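Novice: Please find one structure pasted underneath; my questions will follow.
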Amino acid sequence: ESCAKDGSGTDPVQNMSQSIEVLDQRTQRDLQFVEKMEVQLKSLENKFRAVEEGHETNLARQYKSIKAKMEELRPLIPVLESYKADALLVRQFKEEAANVTELLGGLQEQLGGLDYQDLHTRVTSLEERLRACMQRLACGKLTGIAEPITIKTSGSRFGSWMTDPVAPPGDNRVWYMDGYHNNRFVREYQSMYDFMTTDNFTSHRLPHPWSGTGQVVYNGSIYFNKFQSHTIIKFDFGTSLISRSRQLDFAGYNNMYHYSWGGHSDIDLMVDEGGLWAVYATNQNAGNIVISQLNPNTLQIVRSWTTNHPKRSAGEAFMICGTLYVTNGYSGGTKVYYAYSTNSSTYEYIDIPLTNKYSHLSMLDYNPRDRALYAWNNGHQVLYNVTLYHIIQ
C-alpha cells in the first residue's frame with residue numbers, strides 16, 4: 001500500500017516507531033541484566049582461576065560450588081556477544097525511523113509526486129528489516145520437547161498433517177495427507193476442533209502423487225516432492241493450479257537417500273521463522289544431508305549448506321530458527337541428538353529426549369506460528385510443544 005497524499009501514510013511509521021521504542025526499552029533492560037551477569041561471570045572466572053592455581057585455600061565444597069556456577073554461566077558468553085550486536089541494531093532502527101518520520105513531515109508540506117515512491121520503498125524496507133530483527137530476537141535454541149498431545153487417531157502408519165504458519169488470522173485450517181506414495185488427495189479440515197472431533201473435510205486432488213511425507217503448506221499453497229522425481233511443485237489451493245515447478249538439482253530421490261524409516265522420504269520440505277527449506281542428500285556430498293533455503297515464489301535455491309550427517313542414518317529432522325535438528329531414529333527410544341546451525345555453519349551433538357508414544361515416527365515438522373512440532377506417529381496425529389532458550393520474552 002503506497003502512502004496517501006493527505007499524510008495518512010504517517011501511521012505505519014508511527015506504529016513502527018512505537019514498536020521500536022518498546023523493543024528498545026526491552027533490549028536496554030535485558031542488556032543491563034546481561035551486562036550485570038557478565039561482571040558476575042568475570043568475577044567467578046577470576047576466583048575459579050585463583051583456586052585452580054592454588055593461590056587461595058578453599059574448602060572442596062566451595063570449589064565444587066564455584067565450578068558448577070561457572071559451567072552454568074559459561075554458555076551465556078556467546079549469547080551476550082550477539083545480544084550487544086542486537087542492541088546496536090535496535091538503536092540504528094530507532095535513528096532510521098526518526099529520519100523517515102522527519103522526511104514524512106517535510107513531504108506533507110511539499111507534495112512531491114516521485115518522493116512518495118521513494119518514501120514508500122524506504123518505509124517498506126525498514127518494516128521488513130524490523131520484522132526480521134524482531135523475529136531474530138524472539139528466536140532461540142531448542143532446549144526441550146514436551147510430552148506429546150494426541151490430537152487424532154486416523155489413517156495408515158505413514159502420513160503428514162499440518163497448519164499454514166502464515167495463514168491470515170481466523171484461518172485455522174488443518175491439512176492432512178495419508179500415506180507416502182500413490183496418493184494425490186489432500187484433506188482440508190476447517191479448524192483443529194473439526195479435525196479432532198469430526199470427519200468433515202474437503203478433498204483437493206493434486207495433479208501428481210507426492211513422494212514421502214515432507215510436504216508443507218505455506219501461504220496458501222502446498223509444496224511437495226513429485227513422486228519418483230526430484231521435482232518440487234508449488235500448488236495453489238486458491239486456484240487449484242500449479243503455480244511453480246522446479247527440479248532440485250542433484251537431490252537423491254526414489255529411496256536413494258531416505259530417512260532411516262524409508263518411505264521415499266528423500267526430500268523433506270519445511271518452514272521455520274526464516275522461510276522455506278529443503279532437506280535432502282546428494283552424491284556430491286557423499287549421501288550426507290544438504291540444507292537449502294528456497295525462494296517460495298520461484299523455488300530457486302537461495303543458499304545451501306552441506307553437513308556431515310548421513311541422510312539414511314537420520315530418523316527424522318526439522319528446522320527451528322535456521323537450525324536443523326535431527327533425531328537418532330524413528331522407533332522406540334528417540335532423541336534429538338544432532339543440530340546444524342545455518343547461521344554459523346557449525347554443528348554440535350546434543351541430547352534432547354523425544355517421547356515416541358506410538359513407536360513409529362514418519363513425519364516431524366516444526367510450525368513457527370504455533371511454536372510446536374507436528375508429528376505422524378504410527379497412525380496418530382500428535383503435537384509436541386517446544387522450549388526455546390532466548391532472552392527477550
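Easy rule for this one: first residue shown is 1, then count along the chain.
Placed from the backbone N, Cα and C atoms, the Cβ positions cover glycine too.
Because the structure is a prediction, the values reported are computed rather than measured.
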Novice: Can you look up which of C3, C321 is joined to C139 by a disulfide in TrEMBL?
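Specialist: Between C139 and one of C3, C321, TrEMBL records a disulfide, namely with C321.
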Novice: Using Cβ atoms only, which residues of the same chain lie under 8 Å from C139 (disulfide bond) while being at least 6 residues apart in sequence?
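Specialist: C139 (disulfide bond) has long-range Cβ partners E273, I320, C321, G322, L388, H390.
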Novice: Among all protein chains shown, how many Cβ atoms are found within 10 Å of the Cβ of C321 (disulfide bond), not counting that one?
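Specialist: Taking all protein chains shown, C321 (disulfide bond) has 21 Cβ neighbours within 10 Å.
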Novice: If you average pLDDT over the domain 'Olfactomedin-like' (138-390), what do you get?
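Specialist: Here the predicted model's pLDDT, averaged over the domain 'Olfactomedin-like' (138-390), is 97.
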